[in-house]
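Asker: Quick one: structure below, then a few questions.
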Amino acid sequence: MLKQLPEMGESKFVSLAFLLVCTMLQRVWSHGDQPLSKVAVHKATVSLLDLAYIKASPAILGQEGQTAEWITLEYSSPIPSIDDWIGVFSPANFSASTCPKENRRVYPPLLCSAPIKYQYANYSSPLYKVHGKGFLKLRLINQRSDFSFALFSGGLSNPKLVAVSNKIAFANPNAPVYPRLALGKSWNEMSVTWTSGYGISDAEPFVQWGLKGGDHMHSPAETLTFTSDSMCGAPARTVGWRDPGYIHTSHLKELWPNRIYEYTIGHKLNNGTFIWSGNYQFRAPPFPGQKSLQRVVIFGDMGKEEVDGSNEYNNFQHGSINTTLQLIQDLENIDLVFHIGDICYANGYLSQWDQFTAQVEPIASAVPYMTASGNHERDWPGTGSFYENMDSGGECGVLAQTMFYNPASNRAKVWYSIDYGMFRFCIADTEHDWREGTEQYKFIEHCFASVDRQKQPWLIFLAHRVLGYSSCICYAEEGSFAEPMGRESLQKLWQKYKVDIAIYGHVHNYERTCPIYQNICTNEEKHHYKGTLKGTIHIVAGGGGASLSTFTSIKTKWSIFKDYDYGFVKLTAFDHSNLLFEYKKSRDGKVYDSFNISRDYRDILACTMDSCPSITMAS
């Protein structure tokens, strides 16, 4: 919510103007609808055909502990059409009998929940319209319930149920799955979060862990869940609702820096038996100031994508898989990942969070996967978000702050700091007020001011929305080239505390500025910086996977490199004096833009414009 400014007349004018600008900007952030929102659930009707059928196999999945498997569908309709489609439902019973009691429609729909994915009947059977027969392969993940498949005619906008399949299920739908690591509240702590179908009355969750090749110990886990009442609106509270299961987090403490640890997730059932996950390992963080090779990947707005091709018809997030695969392929050269907002674009369709955690599991189970809050996680009218829009689909931050751990003092206010070796990261929450005088502004200044730059010379600011500089046409048309009031509030802090690099998402492309202060480049170099930067380099790294954002044709002196493509950035600290920045495309993992900074501690101490107290002859 907007804070009230001192003068009432001016306050109303500024607030209304700001909200108007935000509303106008919001129109250009529409990069296509959530694919599941295209299914007109409320219009579904029964139109079963005697000769129509759909069969799914195999009946039992994950018999060897797999958390994902491919299944085969065979189907037929006596009246085939190019609009026929197949919906995947989980739980398998999707009839009107499962509608929530508070759903007071006069004529309740056949469907009370959206499918978890869908595909057109002719996707892999081009002659389906001619012969009325087809087959389809789909990839399913363990999501704590059984599955059924339905053949519909009438397209997505007027679905008519033609046939329903047999039910299939994973051997243990409650199994612990999709571990995701996060750095803890202290430098020598690692948190492990995972999802299961076991509540605390069913089993005791824990992590078995220890140094590689050494003795292992057990650490208990806390357990969270929530109901549809925790959602702030539709579709999260209605057709998008799906039981989230239980989310467990265990905190592994007093780690030895840079040592390799092994871990396994476990649940001890009430009958004394144990349920185990697979085996994983991670490298413990370096201590603050430690001189060692430290490599950090940063991107925003990745979302999820279906490897089987389903849910793809509006090109919602078609760069997501490429980004994921590139990170997996280069995982041995990555120590830490920041996903700075717009995480999976579930937009109120809760099943997508499971699918996202499954997609990033090879990364998140091996290196800390830190998140920031974006508009598609948090924003909802009347819930305290700074922007009064409906981008979260009614989730209002609940899913993001529960599914992924972060070391914020209040998990609902996603601002926090990370000390990682020679780096200090200050992560802001742009969906809450950041302006001067607010709680978050005080945090940001303290994060900058409290770091010992002799030990941690590399000071990095991360946020979802662009608070610095962007050539996105959406910002350029408003004349702001960033979020309104972003730079006005924060640039004096970036300059005073000599922040090296500020990195943002939200705008779905890549852009790099010169070192800059008050719209003026402070350094003419473009690739090899030596000594003091005299300003902050601003980066837009929102090309993780969601549909790309267009650049303005206006030429600005501060923009050094732009790329209308999918990609991510990587920071490599070699020591206290040398840092390498790289931008890599998701399509091939190659470097397309880079720069390095070489300097000594005295260069950080040196005064630049507005970075030191004013000095007069009298003083």
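Just so it is clear, glycine is given a Cβ too, placed from its N, Cα and C backbone atoms.
Predicted automatically and left uncurated, TrEMBL annotations should be read as such.
These figures come from a predicted structure and were not determined experimentally.
Sharing the record's features from TrEMBL:
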| type | residues | note |
| --- | --- | --- |
| DOMAIN | 54-172 | domain 'Purple acid phosphatase Fn3-like' |
| DOMAIN | 177-283 | domain 'Purple acid phosphatase N-terminal' |
| DOMAIN | 295-510 | domain 'Calcineurin-like phosphoesterase' |
| DOMAIN | 535-594 | domain 'Purple acid phosphatase C-terminal' |
| SIGNAL | 1-30 | signal peptide |
Asker: What is the three-state DSSP composition of the domain 'Purple acid phosphatase N-terminal' (177-283), stated as helix, strand and coil residue counts?
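Answerer: When I sort the residues of the domain 'Purple acid phosphatase N-terminal' (177-283) into the three classes, I find 3 helix, 58 strand, 46 coil.
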Asker: Summarise the domain 'Purple acid phosphatase C-terminal' (535-594) as counts of helix, strand and coil residues per DSSP.
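Answerer: Reading the DSSP string over the domain 'Purple acid phosphatase C-terminal' (535-594) gives 0 helix, 31 strand, 29 coil.
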Asker: Take the domain 'Purple acid phosphatase C-terminal' (535-594) and average the pLDDT across it for me.
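Answerer: Across the domain 'Purple acid phosphatase C-terminal' (535-594), the average pLDDT comes out at 97.
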Asker: How many helix, strand and coil residues does the domain 'Purple acid phosphatase Fn3-like' (54-172) contain under DSSP?
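Answerer: Across the domain 'Purple acid phosphatase Fn3-like' (54-172), the residues distribute as 7 helix, 48 strand, 64 coil.
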